[in-house]
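Taken straight from TrEMBL:
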{"type": "REGION", "residues": "76-100", "note": "region 'Disordered'"}
{"type": "COMPBIAS", "residues": "81-91", "note": "compositional bias 'Basic and acidic residues'"}
{"type": "REGION", "residues": "144-189", "note": "region 'Disordered'"}
{"type": "COMPBIAS", "residues": "157-189", "note": "compositional bias 'Polar residues'"}
Amino acid sequence: MKEQLKNMYRRDQRYWARRPVNREMMTFAAADVLSLVPHVYSAMLKQIQPEFESLLNELCEEQVYMHIRPTEVKQRKKQRKVESEVSDLRNKLSSSSQTGRNIVLSNREIRLLRYLDLTDEEKEKLKGSYKVARKLEKLEGKLRDGEDGDCEYPSLESCNSGKSTPSDNSLSGEALSPTSEPQSLTESMQQMDDILSDTGMDRLDKIERLEALLTAAMSGLGSGNGEGCSCRCHEQTPSTATSTSGTASQTLSTGDIVITKIFFNEEDTEKERTIMCSPKR
């Protein structure tokens, strides 16, 4: 049969590209690997440890779905890698606590600290490094913000729409909203200084809060009956009615007649009449 399939493949180069695979194709392909079962497969199967059987099944399944569900497979690989690294880091911390030695962490291990629940003793040991201490301060700051509740400064959209969410953890202790009384420039600057001097706050959180403060300050200056406007557009002045008058003139050079319109006020007309009728004239 193998010789028949070889002769058929020589006549048709796309024989193995046909789908579905027929029985002759499967038999021919199985003959190449069945000889490896007693010598290779059985020997490798005995070497697999029971605790790694589930991992082997996951890897085989991911290899099957690699080109069918690529996004899901990548996510599963990434999640398994993080879990493995977190487990190694936990073992490293436990071993160091038993020996009493100082812990030296890499940049990757420092980023993985957010997945661990550290004890006070472990935190004190880790704070010997400046980078680790900064990371722990950021994590503790995020946890404090989470315990205070979902309280945030008003967003740009809420300020522009006239709605805002009250913030319980605002630095001034009051809710920032466009409907409340606008804060003074001194209070806004004080809040900005407090935010900038807070080392436990995340950088992106600082930027969002500063934007919210600036937006609230600008909306407070621009709100009101034109209080923040320096022009005279808000003054209620009586509209003066202007009258129009048409006249004609003739040029000396070409003789063309040009029609023009002159705009003038009634006061100017009265003055002109007075001048024309004066005895000195």
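Keep in mind that glycine also has a Cβ here, set from the backbone N, Cα and C atoms.
Only residues 6 or more beyond the boundaries of the region 'Disordered' (76-100), in the same chain, are considered here, and those with a CB under 8 A from a CB of the stretch are 58, 62, 108-109, 112-113, 115-116, 118, 121-122, 125.
Helix, strand and coil residue tallies for the compositional bias 'Basic and acidic residues' (81-91), in that order: 11 helix, 0 strand, 0 coil [DSSP].
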